[in-house]
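Visitor: Residues annotated as region 'Disordered' in TrEMBL: 14-41. Residues annotated as transmembrane segment in TrEMBL: 57-77, 97-118, 125-143, 226-245, 279-301, 321-342, 349-368, 380-401, 413-431, 443-463.
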Amino acid sequence: MGFKLFGNGAEPTIEEVHQQQGRRPSATEAIAQDRRRKSVSDREVTGASQITLRQSIVPVTLVTVLFFLWGFAYGLLDVLNSRFQVALHITQGESSGLQGAYFGAYFIGPLTYSGWFVRKFGYRWTFILGLSIYCVGALMFWPSAVKRSFGGFCGSMFIVGSGLSTLETSANPYIAVCGPPKWSEFRLELSQSFQAVGSVVAPVLASYVIFKNVGENGESLESVQWVYLGIAGFVGLLAVVFYFAPIPEITDADMADQAEMTTAATGYKDKPISKQYTLFWGVAAQFCYVGAQVAIASYFINYYTLARPDEAKITAQQQGANYYAIAQGLFAAGRFAAAGFMYVTKPRYILLAFQTFIMIFLIAAIAVDTGHGTRANWGGLSMLMIVLFFESCIFPTIFTLSLRGLGRHTKRGASFLVASICGGAVIPAILGNVADKIGTRKAMVVPLSFFVIAWSFPIYLNLFKGKELDAYRESKVGSEEGVIDPDSRMASISGGPGRTDKDIEATVEFKNY
């Protein structure tokens, strides 16, 4: 029953939420409860629905460390893709098995054990579970490198992906809901900016440290063993840190409670998850976007190698890792820029603009060949690097906008959105096999077609959901502890926004819901 995609599962009913609203703890009490380090029922209103910006800084900062961690792992993944093509003598299409294993885990985990686990035991224990699985996967790289087994590497990467998907099932929604709802998009965008920083650091280290000494033929894998052994040790230590970290739980009951404190202009109505159509459109868009993004990142070095016919293959791969690091630097800069834009303008506008520019510059990267097959194609390469800048904000923005208004279904909805990351297992495989036939530059039409599908989501949001999404930016919930919006449901039953806890308790006890 816990693994059902639809149905109540561990989620509270709206009646259960209403029964607890009159005796709701304060946000200060909710934060103090984290010292118990016990799992919290997802049906319990803890008071975390009112966490203020100041109260959210410490837990959000701690969880942001995890974003850097899997940004680093993702950055290494793309470099490993090209390294294994040389060291293990496999084709571009075969090397996509690494992405297939990593992102395939994202399809399985969030819809089964990790999605159930976060609803059953809460965010803290899900962080610890994800880090523990990640540690095991990193340790498995050692025997895989000793045996020079690509299948072993794929299996190890599947375990790593299982751990990271478990972390994403908890970390993304936690950042989105921990604090005032008006800053949800800004918080997740800023936190994920540090994931992008990890993705910049990884290929730089790979180029200058990790894969600096790979033997004369470029086939040594000894450095891979030591890198992942170090990662395993760090991740294990981090799991211990999160056991003691101040992480207040935020339950689905809290999210339903928060939704009823928020302005009526959001159009919030409690509906079964099977009727949350914006969520499922967002899931489809996320599948297409992530798959296309991963496809471009996975074959960026192959694109560079093709764009530099004037360099030897091993040299081109090493230089390609350097330019990929620069492109990831643009990606990180794009996330920080988008976070800044979100502080002053509407996230739905930014999502539409950035997705539009992605397609424009990707078309240019496909069409432009300034080297004409004999010299360096700097024109096409620069266009592809700019694509990464505009890719930067898409995932966190789709994620948060899709979660808007889910209330008691927030954790389950987040599981679906994380599961959609499995697009990274599908689209790179298509691109890799097409690239083997027509070349990497022309094969970029594959991610382009999926970007077009994902583009439909911001168009839908701007045409049909703009008023409801914008209302969240006007909400005062979380601006100060205990504040609710004057036109919210909670204000209407308690006599206005200036109510006391005793007023609500008395009103709720005698109100017929």
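Cβ coordinates come from backbone N, Cα and C, glycine included.
Caution: TrEMBL annotation is automatic and unverified by curators.
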Visitor: Under an 8 Å Cβ to Cβ limit, what residues of the same chain, 6 or more beyond the ends of the transmembrane segment (443-463), are close to it?
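Guide: Distant Cβ neighbours of the transmembrane segment (443-463) are 278, 281-282, 284-286, 288-289, 291-293, 295-296, 299, 303, 348-349, 351-352, 355-356, 358-359, 362-363, 365-366, 384, 394, 398, 401, 423, 427, 430-431, 434-435, 437, 469.
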Visitor: Of the listed stretches 226-245, 380-401, 413-431, which one has the most C-beta pairs under 8 A with the transmembrane segment (57-77)?
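Guide: Between the candidates 226-245, 380-401, 413-431, the best contact partner of the transmembrane segment (57-77) is 226-245.
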Visitor: In terms of Cβ proximity under 8 Å, which residues at least six beyond the ends of the transmembrane segment (125-143) contact it?
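Guide: Residues 39, 63, 66, 73, 114, 117-118, 152-153, 155-167, 169-171, 224-225, 227-229, 231-232, 235-236, 238-239, 242-243, 247 contact the transmembrane segment (125-143) from elsewhere in the chain.
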Visitor: With pairs fewer than 6 apart in sequence excluded, do the transmembrane segment (226-245) and the transmembrane segment (380-401) have three or more C-beta pairs that lie under 8 Å?
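Guide: They do not touch: fewer than three Cβ pairs between the two stretches lie under 8 Å.
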Visitor: Reported in the order helix, strand, coil, what are the DSSP residue counts of the region 'Disordered' (14-41)?
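Guide: Residue counts for the region 'Disordered' (14-41) by secondary structure: 18 helix, 0 strand, 10 coil.
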Visitor: Where else in the chain does the transmembrane segment (413-431) make close Cβ contacts, counting only residues six or more beyond its ends and a cut-off under 8 Å?
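Guide: Long-range Cβ neighbours of the transmembrane segment (413-431): 93, 96-97, 99-104, 106-107, 109-111, 114-115, 118, 165, 168-169, 172-173, 176, 273, 276, 279-280, 282-284, 286-295, 298-299, 398-399, 402-403, 406, 443-444, 446-447, 450.
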Visitor: What else in the chain is close to the transmembrane segment (226-245), if you only count residues 6 or more beyond its ends and a Cβ gap under 8 Å?
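Guide: Residues packing against the transmembrane segment (226-245) from afar: 37, 59, 62, 65-66, 69, 72-73, 76, 124, 127-128, 131-132, 134-136, 138-139, 141-142, 156, 163, 210.
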